[in-house]
Amino acid sequence: MKVLWAAFLVAFLAGCQGKVEQVVEPELGPEPELHPQADWQSGQPWELALGRFWDYLRWVQTLSEQVQEELLSSQVTQELTALMDETMKELKAYKSELEEQLSPVAEETRARLSKELQAAQARLGADMEDVRSRLAQYRSEVQAMLGQSTDELRARLASHLRKLRKRLLRDVDDLQKRLAVYQAGAREGAERGVSAIRERLGPLVEQGRARAATVGSSLASQPLQERAQAWGERLRARMEEVGSRTRDRLDEVKEQVEEVRAKLEEQAQQMRLQAEAFQARLKSWFEPLVEDMQRQWAGLVEKVQAAVGASATPVPSDNH
């Protein structure tokens, strides 16, 4: 009889433990006004849109523990979708602007650069979509991991963070490679233009010099020699002017490339800092959950032991 009573008590306590009281999710208040980072206020429109996307994620991460489950609500998903669409729209416009600047470059080079920029744009969109889908999976993953050990929970969390960091670093490295290809293509087009100008004007200058020498040797008239020399000087001045304009254009392209490189490096550093902050925030989310699970399990064990001990105590007899 005591054994049956102990088994019934254990089953009853286990059933009570299985019915975990659900936490009432408070409603999100009005979304605060978001601003792009100060460093991106003077950047390209697509950079400002991407800054608003990351600012929104940072705001979501600063929510209190009582509203963490609201991260998966339809409102957050809709906001992220709108910011992603805005970023991709501005990025397409910036890509069209770059293609117009590459008009002096050869058709083959321009097509290659356009294809590579389009691939980088697709990878950026895929990574942003992965961030949104990963937020949507957190609730189901937490519910699935409630019955697992602490070590397995921490291992899965660390694995997710490592994958996110590697992906961000890989995207930054790929953007730097695309920038190097763009710089090489611009320099190649400018140098090709200078060479073509030299090839066209070189024979004219030589022809002018030869004609001036012929006229000077055949005619002894001083005015004719002066006119020939003046004509040669005008051709030389024209060639130098064209060469100077080409060099100025090349310097301008180099300056633009350096500005883009500096912006990408700054964004890479910001993305690394955001990844580290995101990792620390996730750890602070999951550690209280693990500690609460341990306390509940310890309380359940103590209740079962107390119940078994109470049922095992012999009842004193009235007969002496």
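Placement of Cβ uses the backbone N, Cα and C atoms for every residue, glycine included.
Annotation source Swiss-Prot lists heparin binding site at L164, R165, K166, R167, G232, E233, R234, L235, R236, A237, R238, M239. In the shown protein chains, 11 other C-beta atoms lie within 10 A of the C-beta of R234 (heparin binding site). Classification of R234 (heparin binding site) by DSSP places it within a helix.
Marked as methionine sulfoxide by Swiss-Prot on the basis of similarity to another entry: M145.
Taken from Swiss-Prot, the feature region 'LDL and other lipoprotein receptors binding' covers 160-170.
Annotation comment: Swiss-Prot describes 212-293 as region 'Lipid-binding and lipoprotein association'.
Residues or ranges marked as region 'Homooligomerization' by Swiss-Prot on the basis of similarity to another entry: 269-320. Secondary structure of the region 'Homooligomerization' (269-320) per DSSP (helix as H, G, I; strand as E, B; remaining residues coil): 44 helix, 0 strand, 8 coil.
According to Swiss-Prot, the region 'Specificity for association with VLDL' annotation covers 281-293, on the basis of similarity to another entry.
Residues or ranges marked as repeat '1' by Swiss-Prot: 82-103.
The repeat '2' annotation in Swiss-Prot covers 104-125.
Model confidence over the repeat '3' (126-147) is summarised by a mean pLDDT of 63. Residues or ranges marked as repeat '3' in Swiss-Prot: 126-147.
Sequence annotations record features per position, and here Swiss-Prot assigns repeat '4' to 148-169.
Per Swiss-Prot, the feature repeat '5' maps to 170-191.
Here Swiss-Prot flags 192-213 as repeat '6'.
Under the heading repeat '7', Swiss-Prot lists 214-236.
Sequence annotations record features per position, and here Swiss-Prot assigns repeat '8' to 237-258.
What Swiss-Prot records for 1-18 is signal peptide, and it gives sequence analysis as the kind of evidence.
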**Complete:** R238 (heparin binding site), Cβ-centred 10 Å count of other Cβ atoms over all protein chains shown, is 13
**Message:** Around the C-beta of G232 (heparin binding site), how many further C-beta atoms are within 10 angstroms, looking at every protein chain?
**Reply:** 19
